[in-house]
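Before any comments, here is the structure.
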């Protein structure tokens, strides 16, 4: 077995660089959050052309004594790929445009949510959680569940809702353009846990003959109003799902344990008519893999869903799943005569279409 003593200097250097990249990775996301809060992407866009540091400092609401530090912030953000620098001037990259306020597909809220102190603190409590009886690291850090905390904090609730809506915008664009076949021929669809209805609205608009219903908890739909073929109803997915020939679950099941997911899927199965229908699931998909993997297997397609899996553990003690785990849930929920298709939609997010007969 190779030891530290027998490793070459080059190997030790590679190991140290890998460690440093992992350890200090959050510096990049923290810098990105800072840029979003300061409005740097919008300032550059409004300027209409690349900005030099003097112009950028003048456009931002910062303490004049901190102006000399902006170039250091921009330097790390250029390295991260959100901005480009040429001849001492900065411009937005295609990645950086996702943080513009007026971009319909912006993910500003997600950045602010992920770096919110309430969501960062549970990661620090992860080790403590492994040694206690709390339901989640979030509960260890805050003394209450994630859902109870969000409900009690209006600012965080607003940020969470905006983040979910932004995510739905991205998913909706893909579904109604590249995956229209999933909805063709359907008469009714219930978006379970659909919140403000961002995804359901897009589907209802793209398919005017499809009756769409958003079913969520009373406080989530209290201020929402339907229109045309879109409606909102208050309900609890653990008690009853409104009847329809298709049920949509976007980023719902990864919040829950296998046992709770089976309960939800059973309610979905009960909501679908005797002649059959489909459950449409939009969620992360883990790669099927063995107990080990190659030392150099560090690709984004693998790392992104694994990071999301850890986030589900930390926040709500939920989980992401691989194909075998999804199939186990379907069988556990009583989907006896069924078939399913899994198709990548956006990054590590997949569309799982479960067709079955009751």
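The backbone N, Cα and C atoms fix where each Cβ goes, glycine too.
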Check: In Swiss-Prot, the S-adenosyl-L-methionine site includes 216, 236, 237, 250. Which of 193, 197, 226, 228 does it also list there?
Finding: 193
Next item on the list: Identify, in sequence order, the residues in the chain of residue 250 (S-adenosyl-L-methionine binding site) that are 6 or more apart from it along the sequence and have a CB within less than 8 Å of its CB; answer 'none' if there are none.
Entry: 168, 171, 191, 193, 194, 199, 281, 282, 283
Notebook entry, point to check: Among the binding-site residues listed here, 216, 236, which has the most company in the form of other Cβ atoms within 10 Å of its Cβ?
Noted result: 216
Notebook entry, point to check: In whole Å, how far is residue 254 (active site, proton acceptor) from residue 216 (S-adenosyl-L-methionine binding site) when you measure between their Cα atoms?
Noted result: 17
Notebook entry, point to check: If H, G and I count as helix, E and B as strand, and all else as coil, what does DSSP give for residue 250 (S-adenosyl-L-methionine binding site)?
Noted result: strand
Checklist line | Intrachain C-beta neighbours of residue 237 (S-adenosyl-L-methionine binding site), sequence separation six or more, cut-off 8 angstroms | finding: 192, 193, 215, 252, 264, 267
